[in-house]
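Asks: Below is one structure. I have some questions about it.
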Amino acid sequence: MELFAAMERDDYEELLFCQDKASGLKAIIAIHDTTLGPALGGTRMWTYASEEEAIVDALRLAKGMTYKNAISGLNLGGGKTVIIGDPKKDKNEAMLRAFGRYIQGLNGRYITAEDVGTTEEDMNIIYQETDYVTGTSPSYGSSGNPSPATAYGVYMGMKAAAKVAFGSDLLEGKTVAVQGVGNVAYTLCKYLHDEGAQLIVTDINKEAVNRAVEAFGATAVDPADIVGVNCDIYAPCALGATINDVSLPLLKAKVVAGAANNQLKEPRHGDILHQMGIVYAPDYVINAGGVINIADELNGYNKERALKQVAKIYDSITRVLEISSTSGIPSYAAADHLAQERIASIQNSRSTFLQNGNHALSRRNLRG
Ligand SMILES: NC(=O)C1=CN([C@@H]2O[C@H](COP(=O)(O)OP(=O)(O)OC[C@H]3O[C@@H](n4cnc5c(N)ncnc54)[C@H](O)[C@@H]3O)[C@@H](O)[C@H]2O)C=CC1
Ligand SMILES: CC(C)CC(=O)C(=O)O
């Protein structure tokens, strides 16, 4: 893989490879863009088939965070980490602490949190080594695991998409097919069940499926069958790239709205969804609840204030779908325009001189 070419394509700032032989740490921190502020994005631990697959995932996820944070109105840039390994077998305290020291070395350019394969307890361990970690336990004054806030945002965004597709945002009586019933999707299923939606679920983890069947009376199907089931709404809530050439012809839903990052394998799959008349709630808009919640931590966490912000995902999805409809462009493209516009407007605003610690004048004053 040509690393610099890959970074140049989407103008990444930095790619950091972190290795610690004793603990087994092999991590990749990708920082895409810090125009709006420090890069904030979670740490994913996964058993990648190859180092290249891990790098590509880190890069794609980091760029997604830049756009997510921008469109959500946050003063944060985009970054993400992947740790190569099986979170059930390979994770250990020394590894997380070694990783924490790498984050500390970035001196605030990157702030981490949970993603697939990492937990609130892991963030508490990382916190032993760095200040630049969020999603630690509430006892540390933090907002805790971001998944419930993410689920709430997905629920609100799904309602907004349903309004466009079905003329009403009521989900009662609608059938929702959920791919992956992990941390986010379990809470999402609770919201949907409470509103009277019917659930069809799948997961590669049997326990996760059983939990949703028992709690919400969901119907379970095999992972290979979920995309083709008869349903009104399809909610991808596992890993990325599941909207692709294989899944698209099978899709029967009128709406795609779920928590997973990077749902479209390639942008052209978003074009196909648009041509098929399927209402697609762009992933990084609908799943921003976790980062919106966590961003509130940086000002001293207030749950009520944070969840009010998360609820606005309903308006963000409505706006994106309106632009898509009036401009005749796919919804993912409408979202990209809005995110790019915000970054450009900050980048292009007049840069008036402000004396700060980094300027030569201040350094001279400090030296006396
Ligand atoms: N946790 C959060 O706050 C946020 C999560 N996301 C994204 O949402 C998605 C889910 O995240 P979490 O719920 O936190 O992760 P999780 O690890 O708790 O849940 C993912 C679930 O998907 C299942 N899965 C994996 N591959 C599958 C497949 N091929 N078919 C069916 N099931 C499969 C896993 O067994 C697991 O139960 C991820 O893409 C994540 O990046 C996005 C924004 C925030
Ligand atoms: C705070 C995290 C939930 C942010 C993140 O990594 C994401 O939104 O994917």
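Glycine too: its Cβ is placed from the backbone N, Cα and C atoms.
According to TrEMBL, the protein carries these features:
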| type | residues | note |
| --- | --- | --- |
| ACT_SITE | LYS80 | active site, proton donor/acceptor |
| BINDING | GLY180, VAL181, GLY182, ASN183, VAL184, ALA185 | NAD(+) binding site |
Asks: State the Cα to Cα distance, in Å, between VAL181 (NAD(+) binding site) and LYS80 (active site, proton donor/acceptor), rounded to an integer.
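Replies: Counting only the Cα atoms, the answer is 22 Å.
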Asks: Given VAL184 (NAD(+) binding site) and LYS80 (active site, proton donor/acceptor), what distance in Å do their CA atoms have, once rounded to a whole number?
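Replies: It is 18 Å, counting Cα to Cα.
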Asks: Could you list the residues of the same chain, at least six apart in sequence, whose Cβ is under 8 A from the Cβ of GLY182 (NAD(+) binding site)?
Replies: VAL116, ASP203, ASN205, ALA208, CYS237, ALA238
Asks: When the Cα-Cα distance from LYS80 (active site, proton donor/acceptor) is computed for each of the binding-site residues GLY180, ASN183, ALA185, which gives the smallest value?
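Replies: So, of the listed binding-site residues, the one sitting closest to LYS80 (active site, proton donor/acceptor) is ASN183.
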Asks: Checking the recorded positions LYS80, GLY180, GLY182, ASN183, VAL184: which ones have Cβ within under 6 Å of ligand 1?
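Replies: Result: GLY180, GLY182, ASN183, VAL184.
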Asks: Give me the sequence-ordered set of same-chain residues, not including GLY180, VAL181, GLY182, ASN183, VAL184, ALA185, with a C-beta within 8 angstroms of the centroid of the NAD(+) site's C-beta atoms.
Replies: SER147, VAL178, TYR186, LEU188, ASP203, ALA208, CYS237, ALA238, ALA259
Asks: According to DSSP, does VAL181 (NAD(+) binding site) sit in a helix, a strand, or coil?
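Replies: Coil, per DSSP.
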